[in-house]
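Let me begin by presenting the structure, written as structure tokens, before commenting on it.
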Amino acid sequence: MQVRVRLLLLLCAVLLGSAAASSDEETNQDESLDSKGALPTDGSVKDHTTGKVVLLARDLLILKDSEVESLLQDEEESSKSQEEVSVTEDISFLDSPNPSSKTYEELKRVRKPVLTAIEGTAHGEPCHFPFLFLDKEYDECTSDGREDGRLWCATTYDYKTDEKWGFCETEEDAAKRRQMQEAEAIYQSGMKILNGSTRKNQKREAYRYLQKAAGMNHTKALERVSYALLFGDYLTQNIQAAKEMFEKLTEEGSPKGQTGLGFLYASGLGVNSSQAKALVYYTFGALGGNLIAHMVLGYRYWAGIGVLQSCESALTHYRLVANHVASDISLTGGSVVQRIRLPDEVENPGMNSGMLEEDLIQYYQFLAEKGDVQAQVGLGQLHLHGGRGVEQNHQRAFDYFNLAANAGNSHAMAFLGKMYSEGSDIVPQSNETALHYFKKAADMGNPVGQSGLGMAYLYGRGVQVNYDLALKYFQKAAEQGWVDGQLQLGSMYYNGIGVKRDYKQALKYFNLASQGGHILAFYNLAQMHASGTGVMRSCHTAVELFKNVCERGRWSERLMTAYNSYKDDDYNAAVVQYLLLAEQGYEVAQSNAAFILDQREATIVGENETYPRALLHWNRAASQGYTVARIKLGDYHFYGFGTDVDYETAFIHYRLASEQQHSAQAMFNLGYMHEKGLGIKQDIHLAKRFYDMAAEASPDAQVPVFLALCKLGVVYFLQYIREANIRDLFTQLDMDQLLGPEWDLYLMTIIALLLGTVIAYRQRQHQDIPVPRPPGPRPAPPQQEGPPEQQPPQ
């Protein structure tokens, strides 16, 4: 009975609200409220009659869910048929297509009204509620602005259930929402193809999806497409289009867009170079959490580029990035990136760059298929980590390791254990299987298996935690030089797990592991030097170690992408990728970008800007200790490439390369400058000294040094002649006193010996000429055999 009364009161409130809203709508037609505003207060609806009625209805109907359900259940048991009629009448104000055809069970699914009035729903501005009622979206609220429809939306909106949909949105907002939902679906389709394919044509198809989503202002798609246009990744390189997208993303507050725009201003691509603007955009990108922007700022503060040099500021940025890189390190170690310097590769074509030729890879594959265990293990490791021209492929790695493990190879067993312990899309994670392989490998004395078994006991993976056994197996692995064992031993001593805390021992094992190239070893050493734990605090050392960790992040894969672009003669794409990596502080990228610009192979940079930008990056690479870059700086100042001719500055760079890196080329150049007196006072003796040093420093320099010394001897003789008075010399010269009274006999003897040597040489040369022999008789031509004579028949 109580429910009946409340429903009747609701009907009265609705009818009064409908009439009041009609009159109010005529006089307040231009009024509107924010469609996404918060819940209204009493003050915000005091001037709206319908709002008052809604609040009145709310006060009458607010009950706890349990109370309403109890009352409804009682009423159902007493008079089910009467309640059906009552409910049907009470909701007859709904302007749905066929309300009378809905059954009672469907009507029971109507949300219990919380009657939360939403600001603006009782006014003339259309609104839209993106949730379903009776399996339909209530577009009646948006189409003709009916007061009863809007009132129903306001009084049946369940805040707790429907807050995820937002509040009331206008038609324009609803259209944007539907567009973004469509764009998100297109973006996800493109990313699915992109992540699940390895073929270029499939990746190009994926970027077509992403371009379509980007055209619908999908932020993540815009970020992907903008960088693809910048680098020419599966799309035609278009710096101007990338710039426009970066500007659009920057307006929306995208950290990736801000970082991209900062890069364009830093490198002067598509815009006038401005280091001040670059610094501003990099800073905003870093504040938004972009790790590349943090790396750029870390390097700039470390090297003092555009900012005051500050080791502590560099430490802050590098440590933040290093924390993310260290957290992403997997048990298998992740992918390996090959760093190849283009200047070294061109200067020394025979130098081993570390890349495997396709023919050699096929040869190893042939051996592996024939059962060569070492080839199987080697290919498994290559595919597990990638690098050296081989793409990372866990399926192939697993197959090769499985073949070798079945043949009894302990190394393959240990790596199978690592793959099972880590888990992937190819190999399901299984502590039991990993433990099985680790034990088999460890029993055979394999350090990888011993280290894996130690990890199992340390963290309780498939076994009970046992620090003593973990320490035992790590020590065995470390004694054999395995970096994982050394790293874990250092961690146990650092944290005092299973052993007494000992920072000196931790430092010892971290240093050993870092010599093997383990990323986490560099990270732990950086933490110790940054905080002064176990060592004297050193900001400079900590920054260098953190920088090393940061440069092994996932973005380092761009190095190989840029190298492949260069090998494919796509110099514009290569130089842009190297330039971005150079901004992040990669020395190899700085030298490679400078080399491409030096060779004038990239047309994306104007001719007048080529040498100045190359000089900039040679300078940055030289400051990080690259010898060739330091010599190039001397060459640029010597010849005036990208700057004025400055022999003194050139001499300084050559001397630095000679003293710090013991470069034979720099020593030779110093000898030449001393010989000519360029940038320094002429000194023949110092010139000879540097020439001799160059010959000792490199065997390749011996031939040019010999020629230079011959020339230097002639120069020295001519200089002596110029300085001496020849006429006075001969008048004062007494040959009898110098060579003795028979000096003329000595001279004649020497001339005779020389003449005899020449005659003997000529005779031997004449005897060595072969005497032509008369041609012998030619052999008779072979007689052609005719057809056999036919025997007469007998």
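Using the three backbone atoms N, Cα and C, a Cβ is placed for every residue, glycine included.
According to Swiss-Prot:
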type	residues	note
CARBOHYD	ASN195	N-linked glycosylation site
CARBOHYD	ASN217	N-linked glycosylation site
CARBOHYD	ASN272	N-linked glycosylation site
REPEAT	291-326	repeat 'Sel1-like 4'
REGION	352-537	region 'Important for homodimerization and oligomerization'
REPEAT	373-409	repeat 'Sel1-like 5'
REPEAT	410-446	repeat 'Sel1-like 6'
CARBOHYD	ASN431	N-linked glycosylation site
REPEAT	519-554	repeat 'Sel1-like 9'
CARBOHYD	ASN608	N-linked glycosylation site
REPEAT	664-699	repeat 'Sel1-like 11'
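When the Cα of ASN272 (N-linked glycosylation site) is compared against those of the glycosylation sites ASN195, ASN431, ASN608, the shortest separation belongs to ASN608. Note on proximity: of the glycosylation sites ASN195, ASN431, ASN608, the one nearest ASN217 (N-linked glycosylation site) is ASN195, by Cα distance. Each residue contributes its Cα atom, and for ASN195 (N-linked glycosylation site) and ASN608 (N-linked glycosylation site) those atoms are 41 Å apart. ASN608 (N-linked glycosylation site): 8 other CB atoms within 10 A of its CB, across all protein chains. Same-chain neighbours of the repeat 'Sel1-like 9' (519-554): 291, 295, 298-299, 302, 311-312, 314-315, 318-319, 321-322, 324-326, 328-329, 333, 337, 483, 486-487, 490-491, 494, 503-504, 506-507, 510-513, 584-586, counting only residues six or more beyond its ends whose CB sits under 8 Å from a CB of the stretch.
Long-range Cβ contacts of ASN431 (N-linked glycosylation site) within its own chain (separation 6+, distance under 8 Å): TYR420, SER421, ALA456, ARG461, GLY462. Taking every protein chain shown into account, ASN195, ASN217, ASN272 are the glycosylation sites, and of these the Cβ with the most other Cβ atoms within 10 Å belongs to ASN217. Counted with DSSP, the repeat 'Sel1-like 9' (519-554) comes out as 26 helix, 0 strand, 10 coil. Each residue in the repeat 'Sel1-like 4' (291-326) gets a DSSP state, and the totals come to 29 helix, 0 strand, 7 coil.
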